[in-house]
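Engineer: I am attaching a structure below and will ask some questions about it afterwards.
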Amino acid sequence: MPMVLLECDKDIPERQKHIYLKAPNEDTREFLPIANAATIPGTLSERGCAFCGAKLVIGGVLKDTIQMIHGPLGCAYDTWHTKRYPTDNGHFNMKYVWSTDMKESHVVFGGEKRLEKSMHEAFDEMPDIKRMIVYTTCPTALIGDDIKAVAKKVMKDRPDVDVFTVECPGFSGVSQSKGHHVLNIGWINEKVETMEKEITSEYTMNFIGDFNIQGDTQLLQTYWDRLGIQVVAHFTGNGTYDDLRCMHQAQLNVVNCARSSGYIANELKKRYGIPRLDIDSWGFNYMAEGIRKICAFFGIEEKGEELIAEEYAKWKPKLDWYKERLQGKKMAIWTGGPRLWHWTKSVEDDLGVQVVAMSSKFGHEEDFEKVIARGKEGTYYIDDGNELEFFEIIDLVKPDVIFTGPRVGELVKKLHIPYVNGHGYHNGPYMGFEGFVNLARDMYNAVHNPLRHLAAVDIRDKSQTTPVIVRGAA
């Protein structure tokens, strides 16, 4: 049976349906892990909430927009400054977040007046910013505050501003994935086709599902500029509020993160007939394939091949240097959703690194279907993995490096296993040709860092001898 019940889960046997071990000659469609389902009580889930999926992942990335969190201060603090998505206007989105700072009395008597006051104060404090997104949180949703009515009143009082509301409290879904969906659908229902922008190229597209982590969007933008393609809107990396209102003007929707942003691409296709094209931007082979797909759509294949050749000539020798030193290493991926299937084949093909275990916090069954198809036999696939499962899986597969976020990364350090930040990156960008060399460099530095050997020594134990560190030793 390919579904696995770990030792730590023996008292929660329901978890067996969420953990899959790929075996030879199996129809993986029969054995997909249950995903996008409510967390089993007692499993200590590491998932983010639905509000987090809307604000932290998508809305909070916009570079020219006030982010107003209608709720307790903690909801704003928890989703501020935890993602590295810089912008070309001084990182406005990373510097500021706004909260109505709801207290017990506001929950009892209602918070709409407090929200209205906070919105006016925010616009007064930031006179150059005319756009705002307002989010509900658990307490303000439970008491029924009508944030749409408040937003309409503020826009009536201030005709030069525009406000978008996201009614996605943390409890509204099983994971942050619900927040992605709510914001996607809300935006196309309320804001798309409310503005027109100047079209300057015969080739136009929306780039959807990229959030400019450490400059991903800005690096890929250099490719689109060289190909002569105008990006109408970035959803939402280094993007602007008003550009997203013009998404209906594009000829093509290019989707990178399908889990967080595929919904709006599907709706743009239904309502405006704009085709959807999914690509992978991590990895040399995947990036080249994505460029070829886009160029084939626009009929500019020669330009695409020229770009790929230039990038390969510049970066492939550096990638090969790292591949020679990483070949045969084992890696575990412990991240959110689609990065599992974006990364698993790229690190294996381009770097010779074997992926031995993967866990997804908010992936759906279709995400597991993709990653299992790309993965190798003997690999573990876990939905909504918890800390105890993490320790047991790591002990079973013994990876040389782990891709995860800082939260799990702190646990990894205690196990004396190097990790690379798969959420906010160590030293990105990681997308594109140059970006994948950056990723290989960070993997190499993590795996071969001599300092980690020192961490394995308990200085309180006099029987242990401090190891001699040899330069260049693994």
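Placement of Cβ uses the backbone N, Cα and C atoms for every residue, glycine included.
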Engineer: Looking at Swiss-Prot, which one out of C8, C138 binds [8Fe-7S] cluster in the same site as C49, C75?
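Structural biologist: The one candidate that Swiss-Prot places in that [8Fe-7S] cluster site: C138.
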Engineer: Determine the most Cβ-crowded residue among the binding-site residues C138, C257, H423, using a 10 Å radius around each Cβ and all protein chains in the structure.
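Structural biologist: Highest number of other Cβ atoms within 10 Å: C257.
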Engineer: Just the number: how many Å between the Cα atoms of C75 ([8Fe-7S] cluster binding site) and H423 ([7Fe-V-9S-C-homocitryl] cluster binding site)?
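Structural biologist: Taking the Cα atoms only, C75 ([8Fe-7S] cluster binding site) lies 20 Å from H423 ([7Fe-V-9S-C-homocitryl] cluster binding site).
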Engineer: Where does H423 ([7Fe-V-9S-C-homocitryl] cluster binding site) sit in DSSP terms: helix, strand, or coil?
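Structural biologist: The residue in question, H423 ([7Fe-V-9S-C-homocitryl] cluster binding site), is coil (DSSP, three-state).
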Engineer: Based on DSSP, name the secondary structure state of C75 ([8Fe-7S] cluster binding site): helix, strand or coil.
Structural biologist: helix
Engineer: Among the binding-site residues listed here, C49, C75, whose Cβ has the fewest other Cβ atoms inside 10 Å?
Structural biologist: C49
Engineer: Expressed to the nearest Å, what is the distance separating C138 ([8Fe-7S] cluster binding site) and H423 ([7Fe-V-9S-C-homocitryl] cluster binding site) at their Cα atoms?
Structural biologist: 25
Engineer: Using DSSP, would you call C49 ([8Fe-7S] cluster binding site) helix, strand or coil?
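Structural biologist: Reduced to three states, the DSSP call for C49 ([8Fe-7S] cluster binding site) is coil.
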Engineer: Helix, strand or coil by DSSP: which one applies to C257 ([7Fe-V-9S-C-homocitryl] cluster binding site)?
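Structural biologist: It is coil.
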